[in-house]
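According to Swiss-Prot:
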type     : residues       : note
BINDING  : ASP519, ASP525 : Mg(2+) binding site
DOMAIN   : 585-644        : domain 'KH'
DOMAIN   : 656-728        : domain 'S1 motif'
REGION   : 725-750        : region 'Disordered'
COMPBIAS : 730-750        : compositional bias 'Acidic residues'
Amino acid sequence: MEGPEIQFSEAIIDNGRFGKRVIRFETGRLAKQAAGASMVYIDEDTALLSATTAGKQPREGFDFFPLTVDVEERMYAAGRIPGSFFRREGRPSTEAILACRLMDRPLRPAFVKGLRNEVQIVVTVLAINPDELYDVVAINASSMSTQLSGLPFSGPIGGVRVALIADEQGSQWVAFPKHSQLENAVFNMVVAGRIAGDDVAIMMVEAEATDNSWNLIKEQGATAPTEEVVSEGLEAAKPFIKALCEAQADLAARAAKPTVEFPVFLDYQDDVYAAVEAAAADKLAAVFQIADKQDRDNASDELKDEVLGALAGQFEGREKELSAAFRSVTKHVVRQRILKDQVRIDGRGLTDIRQLTAEVEVLPRVHGSAIFERGETQIMGVTTLNMLKMEQQIDSLSPVTRKRYMHNYNFPPYSTGETGRVGSPKRREIGHGALAERALVPVLPTREEFPYAIRQVSEALGSNGSTSMGSVCASTLSMLNAGVPLKAAVAGIAMGLVSDQVDGQTRYAALTDILGAEDAFGDMDFKVAGTSEFVTAIQLDTKLDGIPASVLAAALKQAREARLHILEVINAAIDTPDELSEFAPRVIAVKIPVDKIGEVIGPKGKMINQIQEDTGADISIEDDGTVYIGATNGPSADAARSAINAIANPQVPEIGERYLGTVVKTTTFGAFVSLTPGKDGLLHISELRKLANGKRVDNVDDVVSVGQKVQVEITKIDDRGKLSLSPVVAEEEGAASEDAPAEAAEESAE
């Protein structure tokens, strides 16, 4: 875009051997009536417009900051027409909602405290390269437009996604990776922060291991995202954040409006705080030593009524100030006790975990279920399996068009003993479900290993701290109960942070397994999930302007000890996948030639519908010729497979049949033998001893070689149609031919 009124700045992101990215900030051409507006480009082919506006008057009756962040995904940005019935954009996609949360979390603490004017930030995706991820660009765009708006905002805030990508030269943290690059990444992390002196203070982290991380680590030797590696990633993000902040500050210095004086509504005046502190501090110290949540809440409410009643006459008409001051005094009392005495609300030490319980198979008929409890937090996980055609279809700007694993999180009001609205999920529930999903995706079996769509539902039945991490634990339990062959168990823990002035110095204390009150009165909610070997997901939110990376690194190590303890409890409840439920569909796979797909489907679907009607099985066909057959019982699935093979694979090998095959490939675990064109079987190394006079075989090539003819018998056909073979030796053939005369002789003797 060109024009004399346009002003711009650029941030150059240098990824070394992975190339450079250019983030360009522009203002002055579009959305001129907004308080602040900015166009942000990444490499000139992805463009976002961010506009920030503020209400002219404070919202009456509000005791919080009314900030709204919205993302508008325009399908024309990717050259597409929306797939909805009306062919226009409707409600925001899950990706857009998660992007809104990603922007809101670092921006909200940066506004001046006490602001009550409504502020709205709208980011519109105007053009996008299908290989780009726009969410992190949106963080920078929203910060830029807010910087320009004249609002009391302590920006700029920079956001960057860094991914640990491996190539021939090793692993490197790469900023602003593309979708295609993430296929070779083991971990990707969104980090937002601001410049604090000579350093960068971190304000938000959202991170996860990738879908391919397990294979990259276990099979290709890529670096595992341990706590130390993740800490290195936080440090690697800092120079990029600094470059982004400097580019924003440069443009803001030339184009920002003067900061407007907005009315600021302090929660209370100093005289109110002093009176409440004198009346309540000592009693609050006793109240917040009560371990039980409901008893503690009741005692706190009674004390609050008592204090407010005693001071109402002295501060007539200032009841809201009294209430806010009571909360602030409570916060100070709790924090000082933690920092000075190293003792928490319920009497635990800083690293102690509440009592844990884990139980599986808690519901009848469902495919998998479990309950996980951590103190008063209680989560029920329920797993449902179905055909792959039931996976979620996605119509968004992302190149991902389908999702096999779907994680839904529900947080009913009764989980905290309150009343409230139930129904469609709110942004918080969508965000918590997405976090639990990201924690578990790296350990899921592949589509080929487990050809099922998986829906996982987490029901928060009781809440007192970290229901999202409880959902991760409950989901691990219920999926194992459902028979999902997870590559490893995953557990999660929520860490907290308390900081305050003690003896004139700022002290930090990291808390393991935080309560709801510690979350409310603390400075940080830091959730970490992972296996016993590495981290699979992280989410960090802070109420401060930023947290030193060294403090976060220490909290990560502290979280690992807690995670290992929780994994022991999970493994004690269930350590291997159970058998599939009798109520779950049995899914088997058959491979047919691509040119036979039309014959199996038949004219207008006549043939496939007839097979489904006759057998009661559910059939879906992939473009590559893979046919998935699902049925509630084995005979139905086998009947459908036979019917399909009769059409597409009329000469399908059966168990017990013998072939003179040709060795086509040798591996460390056996040899692959071609039986017929396009049909191979595995002759496992343990079977080769029959060809070596019963001796143990350590090297396959010592017994057979490529091109050698071998007489084999089919011993097994698995659900995916793969054949297991056994060699047929001369003695076996001779014994088979001698059996008949021997039996005849025995009969005549009798």
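In case you wondered, yes, glycine gets a Cβ from its N, Cα and C as well.
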Counting only residues 6+ away in sequence within the same chain, which have a CB under 8 Å from the CB of ASP525 (Mg(2+) binding site)?
ALA494, GLY496, ILE514, ASP519, GLN539, LEU540, ASP541, THR542
Cβ packing number for ASP519 (Mg(2+) binding site), 10 Å threshold:
17
The domain 'S1 motif' (656-728) [mean pLDDT, rounded to integer]:
86
If you run through the domain 'KH' (585-644) with DSSP, how many residues end up as helix, strand and coil?
32 helix, 16 strand, 12 coil
With DSSP as the yardstick, break the domain 'S1 motif' (656-728) down into helix, strand and coil residue counts.
11 helix, 37 strand, 25 coil
